[in-house]
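> My structure is below; once you've seen it, I'll send some questions.
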């Protein structure tokens, strides 16, 4: 048994070595990433100005106003309402530092990542304490709010300055990370284009004190915790102003809680993901997690916060049915990811069955069917992955559309995330398919023959009979 496992590990390592040294240009190369690095922060300011200062409408030049005057006006508004104040710097970086301390010192579990070819097959250890950090963060936020030390809706009132701090922090940390990697000589899979390499990153596994893995820390905690706190702040703001919380805000609070909670409770399963294993720590990951996700995905929250509940009121019965549908899709999404990750963990002989909330039925498959591949890995073709190859992506799109739909159609900004994310998820699905076809060859083609559906299964009729449901 041990010799078989060792042989499989060696096959995985040999296959990973070829992909680990392969150099590709994505996003249009250096010109494309330059446009992204300049354009996206500007888009964030434009959306903020429209959401807050134009009542959710698109800022456009007034009659007779030149484009030069209009752009100057936008810059003036950004400077006046989104200047990165000392208060905003203090709030943002206190949060980051405390979350970092929680990463290191709160209760958690240990895990090991994939074998890294550039480290001779070494598996890096990971300490996963996001669940403890998550619930302590919620408790601390509520204590600060109700004691009056820091009202949580300050995050809404000071959103402009906080967004600017997040943008500046994302750029600053990206510069430090890139220069640090070059100075220490730990750059990896470089293309020779400083602009492109700055965007994609230079270092693969940056760490602090040997344990705080920056990629995992930024991806799991920072964006989703901030997004939830913004929505919680909106709920508390409404409670103070109206004496109740609108059902639409409660719906969004539920949605953002479930997503952030899922990221925290499944942290030890993320350590073998593509982001942890392959993506380098550059502007793309750093800026996106520090600023892009929390400060642009939140426009559904901002719309609800800045408008009277009567302007986006849904029929309570429709809202209730919608919430039930959302919970069903969450169950599919959570168990789909769980089945995949448990299968990978079982394949490597290391599983940790944590009793974190919520515990859902069918989170893993007993005696799953799989297709062996030339790499030593196997392709799961049971459970949700026996019905469609990207069911979890379908759920992601449903979530995104729900976040926009809850606000109605009076503003385009809450729909930025659903539109952007849908395009991104389609691109990611195509990328995943191409990579899997290249990596697994005929085994992947066999999987496509067995499971011809990509996003939506043709029938759920035989769901209880395909695999044994397991709590």
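Even glycines carry a Cβ here, placed using N, Cα and C.
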> Looking at 61-81, 187-207, 313-333, which stretch does Swiss-Prot describe as transmembrane segment?
313-333
> Looking at the ranges 159-179, 348-368, which is given as transmembrane segment in Swiss-Prot?
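In Swiss-Prot, the transmembrane segment feature sits at 159-179.
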> Can you identify, from 33-53, 369-389, the stretch that Swiss-Prot calls transmembrane segment?
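In Swiss-Prot, the transmembrane segment feature sits at 33-53.
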> Write down the single range among 282-302, 429-449 that appears in Swiss-Prot as transmembrane segment.
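Based on what Swiss-Prot states, transmembrane segment spans 282-302.
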> Within 10 Å of its Cβ, which one of these binding-site residues (380, 436) has the largest number of other Cβ atoms?
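Of the binding-site residues 380, 436, the most buried by Cβ count within 10 Å is 380.
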> Residues with Cβ closer than 8 Å to the Cβ of residue 393 (NADP(+) binding site), same chain and 6+ apart in sequence?
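In sequence order, 425, 428, 429, 455 meet the Cβ cut-off.
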> List, in sequence order, the same-chain residues at least six positions removed whose CB sits under 8 Å from that of residue 340 (NADP(+) binding site)?
380, 385, 392
> Please give me the CB contact count at 10 A for residue 438 (NADP(+) binding site), counting all chains in the structure.
11
> Is the count of Cβ pairs under 8 Å between the transmembrane segment (282-302) and the transmembrane segment (89-109), pairs 6 or more apart in sequence, 3 or more?
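Between the transmembrane segment (89-109) and the transmembrane segment (282-302), which are separate recorded stretches, there is no contact, as judged by 3 or more close Cβ pairs.
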> Counting Cβ pairs under 8 Å that are 6 or more apart in sequence, does the total for the transmembrane segment (159-179) and the transmembrane segment (33-53) reach three or more?
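Stretch pair touches.
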> Sort out the residues at least 6 away from either end of the transmembrane segment (216-236), same chain, that have Cβ-Cβ distances under 8 Å to it, and list them.
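The answer is 95-96, 99-100, 103, 126, 130, 133-134, 137-138, 141, 145, 151-156, 159, 245, 249-250, 252-253, 256-257, 259-260, 263-264, 267, 270-271, 275-276, 285-286, 288-290, 292-295, 297-298, 301-302, 304-305.
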> Between the stretches 33-53, 89-109, 397-417, which wins on the count of C-beta pairs under 8 angstroms to the transmembrane segment (130-150)?
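Ranking 33-53, 89-109, 397-417 by Cβ pairs under 8 Å to the transmembrane segment (130-150) puts 89-109 first.
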